[in-house]
Amino acid sequence: MYQTLVEALEWASSQLHKISDTPKLDAEVILLHIIHQQRGYLYTWPDERLTSDQVTAFGEMVARRLLGTPIAHIVGEREFWSLPFMVNPTTLIPRPDTEILVETALNLPLADSARVLDLGTGTGAIALSLAYEKPEWQITAVDKIIEAVALAKANRAHLKLPQVEIVQSDWFDSVACYDFNLIVSNPPYIDETDEHLSQGDVRFEPQSALTAGEEGFADLYHIASCARDYLAPGGYLLLEHGYQQAIQLRKKMIELGYENVATVRDFGSNDRCTLGRWPR
Ligand code: GLN
């Protein structure tokens, strides 16, 4: 058995390598969550002993990870845009890939008081990160899942960003503003038959946040089509999509009348977001 921090890490890593590509990191994240410390602590005090409650809690969390449960669900939190977001199984765990969408949005030439809409906000990661960087932007975030709305509101409170409006809406259904300067979304875009859906963390995330019909394009097309009625002249639409969906989505957005349609790559060099401007 293990008694010290370093022993706990060694034991957990030796178990977790069976199911995870990052066993040491997983073990560290779980252990830090239990001892309420930052990473450096493990290396400064490797021989500190765990209490018996901590040993029990650590063993239980490692056991959940061995069953495949995502680390973010075990510790209830995931960092995005260097901000801590509470997560739960009712919606998508924020992905580092999506930070490129936030960065692209922040680089747009928008007014200080720009009106912004985030569709399918989930944890609120995109909307709240934008609000953190641009406190004057008038941001509305919607999600159709009531539990996701509650989670986004909890993150709003935790991050102290009360200016963000969060409402339940199935895409645009309950949106009553027609002059957004920017509409962003990370909608479900994975094809329903994609084999990756039966592997790794996505098994624990809701299908409603991951998959869409028409080979993953159904929601992207629906949003691109409807957004034309909700954008101010000269407003931008910015959508996250799969790495193989850029060409087809650009074609669709051009057909729908968007101008300056362009794709941005994520930090892994994959096509990740496509942007278009509604004509003036
Ligand atoms: N990029 C995510 C994945 O591959 C999917 C996110 C989404 O469907 N919006 O798991």
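Glycine is treated like the rest: Cβ placed from N, Cα and C.
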Site-mate of G120, T121, G122, T123, G124, D143, N186 for S-adenosyl-L-methionine in TrEMBL, selected among W137, W171: W171
Y189 (substrate binding site) to W171 (S-adenosyl-L-methionine binding site) - Cα separation in whole Å: 14
P188 (substrate binding site) and W171 (S-adenosyl-L-methionine binding site), distance between Cα atoms, whole Å: 12
Structural state census, the domain 'Release factor glutamine methyltransferase N-terminal' (7-76) (DSSP three-state): 48 helix, 1 strand, 21 coil
Contacting binding-site residues for ligand 1, chosen from G120, G122, G124, W171, P188 when the Cβ sits under 6 angstroms of any of its atoms: P188
Which binding-site residues sit within 10 Å of P187 (substrate binding site) - Cα, from T121, T123, G124: T121
